[in-house]
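**Q** My questions all concern the structure below.
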Amino acid sequence: MIRTRHVFLFAVLLAFASSQTPTPEAKSSEQSLEENKFFPLPPTTPFPTNAVAATDEDGEELCTSDKTIIEKLLNNYKSFRTPSESGVIVWIEVWVQEVNSVNEITSDFDMDIYVTELWMDSALRYEHLNPCKYNLSLNSEILDQIWKPNTVFINSKSANIHKSPFKNVFLMIYPNGTVWVNYRVQVKGPCSMDFSAFPMDQQSCHLTLESFSYNNQEVDMQWMNWTTPLSLLKKEIVLPDFVMSNYSTSLKHEIYPAGVWNELTMTFVFSRRYGWYIFQAYIPTYLTIFISWISFCLGPKMIPARTMLGVNSLLALTFQFGNIMRNLPRVSYVKALDVWMLVCLTFVFCSLLELAIIGSMGARSENRQAQQQKQQDEEATKHQKGRENSTCSHLMSPSSCPNSPRICRNHIPNDVPQSFKSYGSTDPRMRKRLIIASSSTISHAPNANRSEKVLLLDGLEETQFSQVETKFSSMASIKMKKHWTTEEIDRLSMIMFPGLFTLFNIIYWTYYLTVNT
């Protein structure tokens, strides 16, 4: 009986000694805990513990329940005291769940995000209490009873923790005192709107996190450095008007009168999806411009039809421009769409200006033709009256003619050369024949007495003046031939307008499609 008792006591002592001897796994666990005392592990890494559950006489493990651990941790806990006198490091991570909207009118964006905070609180260590679990998952009621870094979105317009159906706050405490807090927040932040390249623009939106109550001497806020501090829960975030093209994080130190604060900034870049504007603005303006060029093919006689095409094109462009611009904020600088519309309006206006030039030239040409026709009719009438009033005979002597040789131009004797007989003719074509005659011909005219010579010399004076007048008229006709006709201007416009518009398109699309990249 006594021997049996000694064997039992030896077994108990052996079991106790083996339980107190640390295994290699336990040693590594202790070393891991010491290494992560101030730099917590990622939340996905299970926190080991060196606590070994004791057993009762029946062989059942004895561990401390979560309720008991919480009661002991919160007993005499001071929530207003920072976890460390030398300051605490708070690690931040953000997961983007969804972007709800990007508003150009109010210059902001709305999104749902998960905000993760990690810090060490030595007052919440419970590994020595032999816990039944390696972590404690608690609700927001316990979070209100412990110390928090009071993280805020310092530049947000609004921020609310989701309540669907309860407050979306997650709290986990690890045995080494690591506190992991996660919020699901709907936040509205500002955007730096720049519409210079609209609708090929990119907009940048920012959210800044910082501790509202503690400067960086007490709370040193940092982005998580062992994982991606900012990530998307979706592969791609696409909105009706925008797509998230880039996102990044940054850290800067902001100086306030109360000290220096660490500001953690998230930057989101949204690129506009301009397909809607291609179909609603650019393609209709292309068609309007092409329609305005049809007037060049109608000819200078179709002034009313060409005017209708030009005016309707101008009104259509103005309506399209106003319909698109009314949904955008009023800015004082020129946008890419403004450049497009103004240039298109300029092309349509220039087509109307070309039409005005064609119409003016056509009207002047018609007036000139009417005056020439009227002048020809008057000359024909005078010629007819001169024939009827001619009463002198071609065979009369010179003495029977009047004293003034200008009145008796048709009364030249038959022996005068034929080139001089036409002097008195009112036909302009016949009058030009006097240019052939010279003074020597006149002086040697047969049977020409003094009166006849006076008559012919008088005719020579008018012939010389007529020759000078004919030279000037021929020079004027040469100059008139150098002027553009309406048909030539239309043909030139059919080449210049499409060519200049094509050049503008190359410059426009090359610049605005590459300005953001």
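The first residue you see is number 1, and the count goes up from there.
Each Cβ is built from the backbone N, Cα and C atoms, and glycine gets one as well.
Annotations per Swiss-Prot:
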COMPBIAS  389-403  compositional bias 'Polar residues'
DISULFID  Cys191-Cys205  disulfide bond
CARBOHYD  Asn135  N-linked glycosylation site
CARBOHYD  Asn176  N-linked glycosylation site
CARBOHYD  Asn225  N-linked glycosylation site
CARBOHYD  Asn246  N-linked glycosylation site
REGION    368-403  region 'Disordered'
SIGNAL    1-19  signal peptide
TOPO_DOM  299-304  topological domain 'Cytoplasmic'
TOPO_DOM  360-494  topological domain 'Cytoplasmic'
TRANSMEM  278-298  transmembrane segment
TRANSMEM  305-324  transmembrane segment
TRANSMEM  339-359  transmembrane segment
TRANSMEM  495-515  transmembrane segment
**Q** With a Cβ cut-off under 8 Å, give me the same-chain residues at least six positions beyond the ends of the transmembrane segment (495-515) that come close to it.
**A** 197, 200, 289, 293, 296, 336, 339-340, 343, 347, 350-351
**Q** Tally of helix, strand and coil residues over the topological domain 'Cytoplasmic' (299-304) according to DSSP?
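**A** Within the topological domain 'Cytoplasmic' (299-304) the tally stands at 2 helix, 0 strand, 4 coil.
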**Q** When you scan the chain for residues with a C-beta under 8 Å from the topological domain 'Cytoplasmic' (299-304), skipping those not six or more beyond its ends, what do you find?
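**A** Tertiary neighbours of the topological domain 'Cytoplasmic' (299-304) are 355, 358-359, 361-362, 486-487, 490.
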**Q** Near the transmembrane segment (278-298), which same-chain residues lie under 8 Å Cβ to Cβ, leaving out any that are not at least 6 residues past its ends?
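**A** Same-chain contacts beyond the flanks: 199, 305-306, 309-310, 312-313, 316-317, 320, 324, 337, 340-341, 344, 347-348, 351, 354-355, 490, 493-494, 497-498, 501.
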**Q** Among the glycosylation sites listed here, Asn135, Asn176, Asn225, Asn246, which has the most company in the form of other Cβ atoms within 10 Å of its Cβ?
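**A** In terms of Cβ crowding, the pick is Asn176.
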**Q** Using the alpha carbons only, what distance in Å do you get between Cys191 (disulfide bond) and Asn176 (N-linked glycosylation site) once rounded?
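**A** Cα to Cα, Cys191 (disulfide bond) and Asn176 (N-linked glycosylation site) are separated by 41 Å.
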**Q** Secondary structure at Asn225 (N-linked glycosylation site) (DSSP, helix/strand/coil)?
**A** coil
**Q** Here are the disulfide-bonded residues: Cys191, Cys205. Which has the lowest count of other Cβ atoms within 10 Å?
**A** Cys191
**Q** Nearest to Asn176 (N-linked glycosylation site) in three-dimensional space, by Cα, is which of the recorded positions Asn135, Cys205, Asn225, Asn246?
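**A** Closest by Cα: Asn135.
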**Q** Between Asn135 (N-linked glycosylation site) and Asn246 (N-linked glycosylation site), what is the CA-CA distance rounded to a whole number of Å?
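**A** With distance taken Cα to Cα, Asn246 (N-linked glycosylation site) is 36 Å from Asn135 (N-linked glycosylation site).
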**Q** Kindly assign Cys205 (disulfide bond) to one of the three DSSP-derived states: helix, strand or coil.
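**A** The three-state answer is strand.
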**Q** Could you state the whole-number distance in Å separating the C-alpha atoms of Cys205 (disulfide bond) and Asn246 (N-linked glycosylation site)?
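**A** About 11 Å separates the two Cα atoms.
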**Q** Per-residue pLDDT averaged over the topological domain 'Cytoplasmic' (360-494) comes to what?
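**A** So the average pLDDT across the topological domain 'Cytoplasmic' (360-494) works out to 56.
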**Q** How many Å separate the Cα atoms of Asn225 (N-linked glycosylation site) and Asn246 (N-linked glycosylation site)?
**A** 20
**Q** Quick one: what's DSSP say for Asn246 (N-linked glycosylation site), helix, strand or coil?
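**A** Where Asn246 (N-linked glycosylation site) sits, the three-state DSSP reduction gives strand.
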